[in-house]
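Below is one structure, written out as structure tokens, with a few remarks after it.
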Amino acid sequence: MTQKILVLPGDGIGPEITAQASRILAACQARGLDVDVEEGLLGGAAYDVHGEPLPAETLEKAKAARAILLGAVGGPKWDKIEDLSKRPEKGLLGVRKQLGLFGNLRPAITYPQLADASSLKPELVAGLDIMIVRELTGGIYFGQPRGIEERDGERVGFNTYVYSESEIERIGRVAFEMAQKRGKKLCSVDKANVLEVTILWREVMERLAPEYPDVELSHMYVDNAAMQLVRAPKQFDVVVTGNMFGDILSDAAAMLTGSIGMLPSASLNESGQGMYEPCHGSAPDIAGQGIANPLATILSVAMMLRYSLDEPALAQRIEDAVGQVLDDGLRTADIASEGMRTVSTAEMGDAVLAAFEAR
Ligand code: NAD
């Protein structure tokens with residue numbers, strides 16, 4: 001059956017980078033990928049046309065799609081919108097919420113060709129390949145009650161860190177299954193020495209473990225995990241953690257690779273429907289200049305093929321093509337180094353496409 005793909009270019013460099021990723025998607029169609037691709041408006045681009053960052057039409061298309069490819073949303077143009085519910089990022093949060101995208105996959109991969117770009121010594125990061133599985137729709141970012149109120153003559157701010165067993169179990173299963181497909185090591189990150197909610201988190205992970213006997217489960221407190229990530233990051237294979245810890249650790253892990261322009265991500269729901277997007281934002285400082293790195297978005301298409309469309313061979317072909325252009329010495333400005341050829345967004349797209357076709 002033909003599956004639907006929705007491309008949401010968004011704002012800033014979004015349209016430039018999704019244009020290159022769409023060319024790769026079209027090349028996959030030419031090789032038999034049975035998908036129907038359409039575009040929609042999200043974020044500031046949608047606000048400008050419809051006065052809403054997530055118009056009903058876009059939401060409808062998103063619900064009907066097997067997978068969504070997003071560029072990025074936001075930018076200074078919309079930072080002054082007073083009604084916070086109309087800000088571009090609300091569009092993105094709305095899609096995540098409406099589709100129930102609870103499982104966030106954030107790979108941190110250091111291409112050997114780019115190991116020098118990391119802030120850590122190349123030998124610590126060369127060949128790094130971590131997958132952080134972050135719970136995305138629960139935890140302290142959404143827990144009730146929350147607010148700022150007056151108590152005993154002063155203002156008090158409060159949030160609630162809450163996870164139910166079922167929420168922990170479903171993200172745990174995503175992580176165990178991911179570990180089964182990779183290096184078979186899963187590290188669950190919590191703060192079970194202090195927080196009851198993560199004592200429960202640890203108990204549920206332990207309870208699931210016998211169902212995945214081929215996966216070695218370990219536990220780490222979040223403070224130690226932060227330390228280990230910069231001390232010896234290659235010890236990790238798959239890491240599973242809650243929303244807030246995952247937010248922080250995945251950004252730190254991303255920086256280990258030295259190049260945010262290279263990192264894709266995925267957010268999945270229970271039926272495997274997913275939204276795929278680069279980890280970076282809309283980079284308004286370079287928007288419209290044709291110099292943005294499209295590789296994170298192109299690699300997001302590879303993740304889409306692997307996790308929502310069950311096409312691992314095409315995914316691998318894209319990843320190999322990206323490796324090939326890096327081997328050939330092509331670099332966009334953000335990953336440029338001496339002796340390498342600095343290319344534009346479109347030239348990088350051309351090169352990946354050529355390498356994809358040639359394989
Ligand atoms: P950013 O990731 O957009 O940019 C940070 C820096 O990295 C900038 O110097 C930028 O030029 C550079 N950069 C990012 N992606 C690049 C690429 N593909 N190629 C080359 N260089 C790249 O983060 P920011 O500056 O904090 O945020 C800018 C806007 O993006 C804000 O409006 C923010 O809200 C939004 N944002 C959106 C998302 C999303 O849509 N998922 C995520 C983060 C930030």
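Glycine too: its Cβ is placed from the backbone N, Cα and C atoms.
As the structure is a computational prediction, the values presented were derived from the model and not from experiment.
Residues annotated as substrate binding site in TrEMBL: ARG96, ARG106, ARG134, ASP223. In this structure, ASP223 (substrate binding site) is part of a helix by DSSP. All protein chains included, ASP223 (substrate binding site) registers 13 other Cβ atoms within 10 Å of its own Cβ.
Residues or ranges marked as Mg(2+) binding site in TrEMBL: ASP223, ASP247, ASP251.
Here TrEMBL flags GLY281, SER282, ALA283, PRO284, ASP285, ILE286, ALA287, GLY288, GLN289, GLY290, ILE291, ALA292, ASN293 as NAD(+) binding site. Remark: ILE291 (NAD(+) binding site) has THR332, ALA333, SER344, THR345 as non-local neighbours, by Cβ distance under 8 Å and separation of at least 6 in sequence. According to DSSP, ILE291 (NAD(+) binding site) sits in a coil region rather than a helix or strand.
The feature domain 'Isopropylmalate dehydrogenase-like' is assigned by TrEMBL to 4-352.
TYR141 (site 'Important for catalysis') falls within a helical segment according to DSSP. Residues or ranges marked as site 'Important for catalysis' in TrEMBL: TYR141 (among others).
Annotated site 'Important for catalysis' per TrEMBL: LYS191 (among others), in sequence order. Cβ neighbours of LYS191 (site 'Important for catalysis') (same chain, under 8 Å, six or more residues apart in sequence): THR198, TYR221, VAL222, ASP223, PHE245.
Comparing Cβ neighbour counts within 10 Å across the binding-site residues ARG96, ARG106, ARG134, the minimum falls on ARG96.
Summed and averaged per residue, pLDDT over the domain 'Isopropylmalate dehydrogenase-like' (4-352) gives 96.
Taking Cβ-Cβ distances under 8 Å and a sequence separation of 6 or more, the neighbours of ALA283 (NAD(+) binding site) in its chain are GLY12, ILE13, ALA72, ALA292. Within the set of recorded positions LYS191, ALA283, ASP285, ASN293, ALA283, ASP285, ASN293 have a CB atom less than 6 Å from some atom of ligand 1.
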